[in-house]
There are 2 protein chains.
Amino acid sequence: MTLPRSPLAPEHFPDLPMIKGARFAAAAAGVKYQGRTDVMLAVLDPGSVMAGVFTRSATRSSNVLDCQAKIGADSDAGAAIIVNSGNSNAFTGKAGDGSVAAICQAVAEATGLPETRVFTSSTGVIGERLPHDRITGKVGELVATLDETALKPAAEAIMTTDTFPKGASAAVEIDGQTVNIAGFAKGSGMVAPDMATMLVYIFTDAKVARADLQALVSGINARSFNCITVDSDTSTSDTLLMAATGASGVDVTGHDAFAKAMEAVFLDLAHQVVRDGEGASKFVTINVTGAANDADARTHALAIANSPLVKTAIAGEDPNWGRIVMAIGKSGAAADRDLLSIRFGDVLVAESGWVADSYREEDGAALMKEQEIDITVDLGLGQGCSTVWTCDLTHQYISINADYRS
Amino acid sequence: MTLPRSPLAPEHFPDLPMIKGARFAAAAAGVKYQGRTDVMLAVLDPGSVMAGVFTRSATRSSNVLDCQAKIGADSDAGAAIIVNSGNSNAFTGKAGDGSVAAICQAVAEATGLPETRVFTSSTGVIGERLPHDRITGKVGELVATLDETALKPAAEAIMTTDTFPKGASAAVEIDGQTVNIAGFAKGSGMVAPDMATMLVYIFTDAKVARADLQALVSGINARSFNCITVDSDTSTSDTLLMAATGASGVDVTGHDAFAKAMEAVFLDLAHQVVRDGEGASKFVTINVTGAANDADARTHALAIANSPLVKTAIAGEDPNWGRIVMAIGKSGAAADRDLLSIRFGDVLVAESGWVADSYREEDGAALMKEQEIDITVDLGLGQGCSTVWTCDLTHQYISINADYRS
């Protein structure tokens, strides 16, 4: 099954800057796919610090559990990240733990790093034993071909049914010196019986303490990757790792400009994941304001974003605000029918418990024909707000997930 | 748009018994549909008691709010239920409240009942003003044609895009006398921009105190209608009303046989709603056992039942147990990867954190070809259990909700 490139894809992969102290390589190990790369290795110089966030799934993969056990430790030894596509090594029992250990050992031997500094991710089919020998057999080749410029090949090697590779970067001037941030992500394509997974790797040459980097990653992740949804289903493999090599020599501690640049990269990649959502034909921004608090706003926003009836209405270019009312009503968070208002783009659609006097169906219908759709709901209750990004639910989603068999 | 009869529909509408003290009528008021009935009236003799449960949506309709205000009162006056299809009178602001008042007034005048004993439901499009004059103009005809045998016409009049009318009954012998229970329901078809709604009306000639009937209704509802899901979207109109006329003269207080018969009727109708789920091609029972507690079991069962990836796998007849592992993992309730087991029908699929040694893919694939599919998950943690019924997610769901416009 070959999927067409998403209509929401960017025109081309961006030119990513080199990140001093970080080198990349990709190889074709034949884990599952033939005729393409499927393993990427990133090696970070000594002095690099690592931070990460991971799926909270109770059935997360061996790789995720291993990363979580390692991520909080300080080390001056450098680090490596090795990622394969084609097999998620999730729900593979004790054998899955063994696969992770074998890969870490092979990378440690080839790089001279301690095993505790090797981080792994796997993405693809669930429940099938990972043929890790194919990966360990390629580690020598990967280490031999490490290159500071190879971010795009690395981004391509981690794709499963993504229809385009996803990269983003930002540069920030601090004390007259340039700090670079660059990263790549995969998500959320699928070949049955795989499931949507998201893997994200971001690199910077900034100098920053590990705890500070982790705080930035956790905070920005909550406003970016944790605010996207394609189909409400959570992967057992979701992983975001960020490495700061310090090789620029620029200490970014306390510099807001750095945090802002990081957030721009996170958001760019998060939006690209939505743009490659299975079967997506519309990129949808859900803004909720005026909620009793931020948590309620997020609950409402996710209820709207995940509602099959809202998502199919958007696919059908139907300005069906009744389904948004329904989603708000069912979310469980506070709402008052007579206080809430709904806008499509700038068009006021509903207020005071009913359709707005000024609303004309043809205005709503015209907006729904756009490829990018903004829906704003104000609850009229307080100051809570939240933004969530999602896509529509189309026949192609059913085709990808039901019609094609593994 | 004419929908084909669901492949999961029963062969025919059941022969429902007469319920002494309850009379029914249906009429064609032209609220929205042409050439069919769209209003039903049920009138209950003096001495009848009423009980009900309603959607918890924060944006529920004027009808639901009015029913909730009336349902808890005692009265010897009798009661009436009037229901229209074609317009839900939801999110219609103060005008919606006025429509409910006008209909209640008309029924009260024609029947001699107080307005506080008239209960209304509306189902259909959201956010359009209900043309209630068309309904009040038919009240005289409805009252004039009331008939103890007219349950089927009543069931047909409340259909929206249901592909078959839904009825069920039970009889129970108590102290040598027969008590009858009969009811009908609608749900969950849709024509854009309507949304899935569920309306249920159940009648018995049993003699029972109002508070006791309410307790039975609430308890059994929690195990029947509150355990079904088609697409995770909750209607603004969901209503279940039950009337006990007492006309059999048999006091059922404390008789388990009556409660069991009630539960059989509730479950039968609830299952019929799932069988008419939009686009449904499979009837799916999700059993969760061994959870830490019943609430956790329900959380897991609903996470599985509402997962688009699980539902599309079932539509594709794919024994994709990895997606069930995913749904358990994301649900937020307690789970241990290495303790849970999954069965399709009687076939053990996964245990000990991996696919079962005895599992053969062809056994799972054969089971998935059935029209009725049982999925059982044991968490291995405790005694909590829950059963939820759902259907699959097919192209027809997208067609119904995206391709056809209002």
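Sequential numbering from 1, following the chain as shown.
For all residues, glycine too, the Cβ spot is worked out from N, Cα and C.
TrEMBL lists B:Thr160, B:Lys186, B:Thr197, B:Glu278, B:Asn401, B:Ser406 with the feature substrate binding site. DSSP classifies B:Glu278 (substrate binding site) as coil under the three-state reduction.
Feature annotation from TrEMBL assigns active site, nucleophile to B:Thr197.
Cβ-based crowding with a 10 Å cutoff singles out B:Asn401 as the top-ranked of the binding-site residues B:Thr160, B:Asn401. Neighbour density for B:Glu278 (substrate binding site): within 10 A of its CB lie 27 other CB atoms from the protein chains shown.
Classification of B:Lys186 (substrate binding site) by DSSP places it within a strand. Chain A comes within the C-beta cut-off of under 8 angstroms for the following of the binding-site residues B:Thr160, B:Lys186, B:Glu278, B:Asn401: B:Asn401. Cβ-based neighbour count (10 Å, all protein chains) for B:Lys186 (substrate binding site) stands at 28.
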